[in-house]
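Presented below is the structure to which this report refers.
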Amino acid sequence: QIPIPSVPAFQPSTPIPERLEAVQRYIRELQYNHTGTQFFEIKKSRPLTGLMDLAKEMTKEALPIKCLEAVILGIYLTNNMTTLDRFPISFKTHFSGNYFRHIVLGVNFGGRYGALGISRREELMYKAPIFRTLSELIFDFEEAYRRCWHTLKKVKLGHCVSHDPHSVEQIEWKHSILDLDKLSREDFRKELERHARDMRLKIGKGTGPPSPTKDRKKDVSSPQRGQASPHRRNSRGDRRPSGEKKPADSKAMPDLNGYQIRV
């Protein structure tokens with residue numbers, strides 16, 4: 001019997017950094033999928049609610065996973081950490097004539113950046129939330145790649161993911177695409193900090209994780225109410241003209257006016 005890892009459960013008083021360590025420990029216990037077979041089909045275009053259903057299935061099956069599955073699982077396991085911002089970070093590297101792609105889940109807690117994920121290499125997955133800026137986090141990944149003889153070519157950064165597991169919005173996987181062949185070191189750093197600033201502004205305006213319910217109501221519930229409302233307005237509108245016309249007719253039939261109003 002192969003032991004099945006237990007999904008981490010937290011007390012309300014458990015600090016966020018400890019929770020992140022427990023989530024990473026769980027992801028690592030599932031192990032990296034070296035079989036060459038993808039056990040879970042992940043379509044990035046699926047709404048968040050569908051991806052969260054898939055993540056729940058991952059916890060039940062407890063099969064080995066790859067980096068994209070680890071990102072989805074990381075989002076699922078941190079949904080109740082509303083003070084934690086999560087966003088995808090994708091890397092494209094070059095080694096020995098071939099290109100390689102990897103993705104992790106960037107996190108920001110209390111102004112400090114880190115990452116969750118899984119990889120064949122220990123240094124390309126978990127990063128504790130200790131980095132003061134987003135650029136420091138990305139430069140740490142770049143140095144880790146360098147130690148693996150990989151050259152970092154591109155970095156794709158998404159926006160913060162909603163904490164509402166029932167949200168029908170899609171994850172924004174690549175809001176910023178940074179090509180290192182076209183950017184100087186300083187420009188690369190500036191673009192990373194610009195993206196970090198954009199995420200803070202988006203959250204500050206109430207369109208980020210702190211207010212997923214409001215976004216969902218605007219995107220989902222309102223159209224349904226909008227479809228129903230015209231019927232209610234029309235039905236009342238049908239009654240109002242009749243109520244307005246009746247007084248005009250009441251000159252001829254005053255005794256029926258009150259009856260018509262009651263109807």
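Note that Cβ sites are derived from N, Cα and C of the backbone, with glycine treated the same way.
TrEMBL labels come from automatic prediction, so no person has curated them.
Lifted from TrEMBL, the feature list:
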- Cys67: active site (ACT_SITE)
- His102: active site (ACT_SITE)
- Ser119: active site (ACT_SITE)
- 197-263: region 'Disordered' (REGION)
- 235-249: compositional bias 'Basic and acidic residues' (COMPBIAS)
Discussion item. If I take the alpha carbons of Cys67 (active site) and His102 (active site), what is the distance between them in whole Å?
Written reply: 7
Fill in: Between His102 (active site) and Ser119 (active site): CA-CA distance (Å)
8
Worksheet item: CB neighbours of Cys67 (active site) within 10 A?
Response: 21
Discussion item. With Cβ-Cβ distance below 8 Å and at least 6 positions apart along the chain, what are the contacts of His102 (active site)? List them in sequence order.
Written reply: Cys67, Ser90, Phe91, Thr93, Ser119, Leu124
Item to complete: Enter the number of other CB atoms within 10 angstroms of the CB of Ser119 (active site).
Response: 18
